[in-house]
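Quick one: the structure is below, and I'll ask about it shortly.
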């Protein structure tokens, strides 16, 4: 028995020496401060995820219009809604799958696959020639880009416990930056032949595919994110499953001469299985997920519906904005959200706690004030020119 135990410990030490998760744990113990280098790479990759979500909203209305699939102008928003939501449909269908893959094979492979999917499918989306191609490319992009949860888990695993809040705020900040840069890219670089005739000619690829340039810019950034992934170490403990199996066999063999001990071991294993199977009955967890879904619904509904309303003609109750105008408004709104996350939210959360902050923010729009200011400023600017907009 003593020889078996010694052999077991030696093999366990060998597994831990080769385990990337254990290497990361040793690295966290050795480092004294914040791992700024790793957090910067996480920020770069997380920004890549946020850009391709928000970049299409300023121009998707015009893209559907140019596909000539809508028989009436009032029906453009109907088809544009399918293109906008197809990404989230694909993400919803595959998020659990990619979470399982990340827990089994590692965080880094999932991050690499998601980032590479932006390079491929986002580029093809910009080259779409009809409605069904655009719809399918956004759907596939969502299917292979469900890495938000993986990135959050990875960010919390590369830092010591006292810096985990900072690591998660890095992910949130990159998302806020994406809400600023993404719509700006989509608004300023869509239809470049019409906006910048001195730089782009009608016979070029950007004349044939007027919405390719913003997608190309984001895809090029995704290539840079792929390069940054080279310096991301794996954090998954790949020895844990085998170690648990060996520990269970060792416990059973050790208690084989004692019937009561063996029964206790079996009961403990059964309790673990019951605990795993009842994960969906964990009400605090499920209620948190439901609240997050409600806030996400509000945010995405605003981004899409505002874009469609702003670009609609005034005779239909819209604002007759161009894609550049919509990009500016969404960028200003995203900047307001970023300022709130960086300056206002931390002290309020420390004073009231996360639960009370969630309750207070539930009955009101997360970005209502920023939206109202940006829309009013844009309207005054269009009505009275730079002097009026600057005075406001």
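The backbone N, Cα and C atoms fix where each Cβ goes, glycine too.
Just so you know, TrEMBL annotations never went through curation; they're auto-generated.
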Transmembrane segment per TrEMBL sits at which of 268-288, 289-309?
289-309
Of the ranges 165-189, 240-264, 365-389, which one does TrEMBL flag as transmembrane segment?
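Checked against TrEMBL: transmembrane segment maps to 165-189.
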Could you tell me whether the transmembrane segment (165-189) and the transmembrane segment (289-309) have 3+ CB pairs under 8 A, leaving out pairs under 6 positions apart?
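Between the transmembrane segment (165-189) and the transmembrane segment (289-309), which are separate recorded stretches, there is no contact, as judged by 3 or more close Cβ pairs.
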What is the average pLDDT across the domain 'Major facilitator superfamily (MFS) profile' (38-392)?
75
As a test: from 41-64, 165-189, 209-232, 329-348, pick the stretch that has the greatest number of Cβ pairs under 8 Å with the transmembrane segment (110-132).
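Per the Cβ under 8 Å count, 209-232.
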